[in-house]
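Q: One structure, pasted below without further comment.
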């Protein structure tokens, strides 16, 4: 299993239910993937059974399901050799591979203004503990789900201004409605940052109205940048795996163009796919069942846990 985000962790658990021995390789230093890295406090609302659950609690529950699976963190997969089986980085010999890397290796898109080392200390691209910003004046730059979630979370403990280059936000409809109803968040739209300097331990940022000449000045103790991430799953192309618009192409069994290599979650793409965790959980079951049928064609496979 390559990737220890929610979908990868669930796939490892489901593989265990079928008696498969699994090793999970994760490039980050801790499991949980992008949800745990970017917004562990976020309430996830679209996972069946839970009316809401935080990313951190979801990770804890998924980890609690693991028993004899080996979890290796801080290991970025680079090499793959194919003989009768697969050999990963000259160390792990496996019969099948499931790629569950989400958007792959990701780097935050940087704040567009040149920052001195002193200014960099006030610029953040992710955080785990909201209390670090309590009582401060916070600027959040971005207009997607992450920016909206951060704004609503921090508005409970800080003075928050959300700056976006458009009047419309890209987040989920319910998040946009909640934001507009949250009188604790000051909205600055449509504005882009024009210049920045540090004065008396704070960031002074000039904001220019998009399509106009108006320039305003804002002072922040800290800013959070949610301009998205540059994702990269191209490492699998070195293995001969086909990509489609940057995503791993799969068939109906979640198998890639290379027999024995499967892809699930946001790492893969096919017509009509929706990038939500719940879909990834279903894809994990499809991939594991396909692997079982490939490795043990003589077995009568129990498809689901409620089979009689």
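Here the Cβ of each residue, glycine as well, is placed from N, Cα and C on the backbone.
Annotations per Swiss-Prot:
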BINDING   26, 34, 39, 77, 106, 266, 306  FAD binding site
Q: Identify, in sequence order, the residues in the chain of residue 77 (FAD binding site) that are 6 or more apart from it along the sequence and have a CB within less than 8 Å of its CB; answer 'none' if there are none.
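A: 2, 25, 27, 88, 89, 235 - these are the non-local Cβ neighbours of residue 77 (FAD binding site), listed in sequence order.
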Q: When you measure from the Cβ of residue 26 (FAD binding site), which residues in the chain that are at least 6 apart have a Cβ under 8 Å away?
A: 3, 4, 8, 71, 72, 73, 74, 75
Q: Check each residue in the chain of residue 266 (FAD binding site) that is at least six apart in sequence and keep those whose C-beta is under 8 Å from its C-beta; list them in sequence order.
A: 7, 102, 103, 275, 280
